[in-house]
Amino acid sequence: MKVLGFITEYNPFHNGHKYHLAASKDAVGATHTVAIMSGNFLQRGEPALTHKWIRAKMAVREGIDLVIELPVAYACSSAEYFAFGAISLLHKLGIIDSVCFGSEAGELKPLLKIAKTLYEEPLEYKNSLQDYIKKGLPYPKARSLALECFLNQKNLAPTISSPNNILGIEYLKALYRLNSSIKPYTIKRVQADYHSHQLEGTICSATAIRKHLAETNKESSLLFSFMPKESYALLMDSIKNHLAPVTQSSFDQTILYHLRYLQKSRLMELSDVSEGLENRIKEAAYSAKSYAELLDLIKTKRYTLTRIQRILIHSLLGLSRQELLSMAHEKGPSYARILAFTQKGAELIRLMKSTSSIPIISNINKSALSDTAAQKMLFFDLLATDIYSLGYPAMEHRYGGWDHYMQPYFHR
């Protein structure tokens, strides 16, 4: 048995994901696959296009054997914590031999060098970094120049600023941090850029698919060329049943009500809120008439769009610094919650019962987490689903408690 891990959002599962899955399995010789997948809120601080059970179903129908949810405390977080949470979860399962991620670089060696330097922070690198910062350079530029100096390599900026390379480097740092035996691999991304909005060829970005659906807000045959058959059918079915698309605009009233009601002192308790940002958020909340306008009013060169988006989701969830501390955020996920599996996945679940260092949850109603930190982490996962349900296109689906009656999907 060779078990290969993936870290995913599948928002939604498209031809690029299908290629990555097949190429990774071939490269590693994997017999079984496990995907750690974000739930209903994602790394960039956005709601998923459709809920986690539909996306997990897409994954197992397209070749993944077991889908496990990444708790929202990590799923909607910085690249560093997103990566640490996902790698830590794979590590704690005790069955993963390797992990494969997509990257713009397509080569592991240069990413390993960068990751090791950033993890170990040798004195020569740290001194160089401080020198550049003292000269008034922005941190990303200072870090890039310090790495170039230490590694004796020129023009590293494109490598360490490309979206998938950034995550890849953080995955590798997490492996170093955990002293994990999991072996990393990388596959070069094909065709579409991560942020591309263009629907062309046969492989486009998930961003382009989401943008198209947000604009049309209905079933679209145009997407058939860019998604595997099963995934396309599931997505169109969710749109037909008014469970998708869920977008930021689905939460226009929810977020504005929340921020207008919330006291500044509560905003100050959130991670990433500093230097008076709470004032800017409150002022914007009173002026804005939509989620999009709110973001436009808050963001600056210093405060990037993704950082603001994550702050607003954390605010909506009440995910403060103190709450993160109370769930032992620095130690990684406290449980492995199953969203979907195949027959091979069932084999892995049986194996994990003897290898995993954390509880395996297949049924929320029967889970008995004795650890208070784990209970707290799970509470926020359930809350995230309850808030997400307010964004469904049809009012009939906007009730709470979805986690209590949705069971893991078994694909025969």
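Residue positions begin at 1 at the first shown residue.
Each residue, glycine too, has its Cβ placed from N, Cα and C.
Taken residue by residue with DSSP, ASN164 (ATP binding site) is part of a helix. In this view, ASN164 (ATP binding site) is surrounded by 19 other Cβ atoms within 10 Å of its Cβ, with every protein chain counted. Per TrEMBL, ATP binding site is recorded for 7-20, GLY102, ASN164, ARG189.
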GLY16 (ATP binding site) CB neighbourhood, other CB atoms within 10 A: 21
DSSP-derived class (H/G/I helix, E/B strand, else coil) of ILE7 (ATP binding site): strand
TYR19 (ATP binding site) in three-state DSSP notation: helix
Candidate with sparsest Cβ neighbourhood (10 Å radius) among TYR10, PHE13, TYR19, the listed binding-site residues: TYR19
Neighbourhood of ILE7 (ATP binding site) by C-beta distance under 8 A, where only residues 6 or more apart in the same chain count: ALA35, ILE36, LEU70, ALA83, ALA86, ILE87, LEU90, VAL99, PHE101, LEU167, TYR171
For PHE13 (ATP binding site), the three-state class that DSSP assigns: coil
